[in-house]
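Trainee: Input: one structure, supplied below.
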Amino acid sequence: MTQLIVYEAGNPSHVLLQTSDFDVIAGKVAALGARIERWEARHPIAPGASNEEVLSAYGHEIDRLKRERGYTNGDVVRIKPGNPNWPELRGKFLQEHVHVEDEVRFFVEGTGAFYLHLDDKVYQLVGEAGDLLSVPHGVKHWFDGGPEADFTCIRLFTNQEGWVAHFTGDAISDAFPKYEIAA
């Protein structure tokens with residue numbers, strides 16, 4: 001389920017807010033300059049659909065965001081349980097970093113959590129299938145798909161190189177609860 005948990009940055013055991021009310025989440029996220037939306041596919045996506053079929057199913061929404069925000073390219077990333085590359089990728093995504101462009105992810109399937117580090121708070125934003133999450137450029141953050149990640153995401157970019165992180169060197173993410181997929 002879509003969820004927002006707000007922590008004190010200096011005291012990860014102190015939860016300031018925990019909610020799964022989408023309207024509350026959308027308001028809090030917008031106040032941070034971030035974005036969350038719910039999308040529906042224009043037509044069903046079959047299991048094992050190609051990347052092109054996935055992108056086509058959400059073409060209307062993707063085109064709208066491209067017009068609004070200047071995104072020039074996108075791709076599909078799929079991580080399934082047992083992926084031998086996930087531990088290395090997870091280690092990289094768990095390091096606090098920033099981007100020179102917004103980090104835009106739409107969850108086609110599965111779930112994952114972005115952690116936004118702003119001032120004296122950390123906002124854990126859990127997205128699920130149907131959620132579009134956008135972290136503004138320059139915002140310190142990290143991502144976790146859990147120990148056995150299971151998600152398919154559409155990613156949108158303005159940078160032709162795709163995902164380029166600038167790591168802060170701050171180990172703050174080590175102090176916060178890792179994301180665990182609810183059973």
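Glycine too: its Cβ is placed from the backbone N, Cα and C atoms.
Keep in mind the model is a prediction, meaning the values are calculated, not measured.
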Trainee: Among His60, His117, His141, which residue does Swiss-Prot name as a further Fe(2+) binder in the site formed by His97, His99, Glu103?
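Mentor: That Fe(2+) site, as Swiss-Prot gives it, pairs His97, His99, Glu103 with His141.
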Trainee: Taking the Cβ of Arg105 (site 'Important to generate the dianion') as the centre, count every other Cβ atom within 10 Å, in any protein chain shown.
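Mentor: So the number of other Cβ atoms within 10 Å of Arg105 (site 'Important to generate the dianion') is 20.
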Trainee: Would you kindly give the Cα-Cα distance separating Arg105 (site 'Important to generate the dianion') and His97 (Fe(2+) binding site), rounded to the nearest Å?
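Mentor: Cα-Cα distance, His97 (Fe(2+) binding site) to Arg105 (site 'Important to generate the dianion'): 16 Å.
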Trainee: Is Glu96 (site 'May play a role in metal incorporation in vivo') helix, strand or coil when read with DSSP?
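Mentor: Its secondary structure by DSSP: coil.
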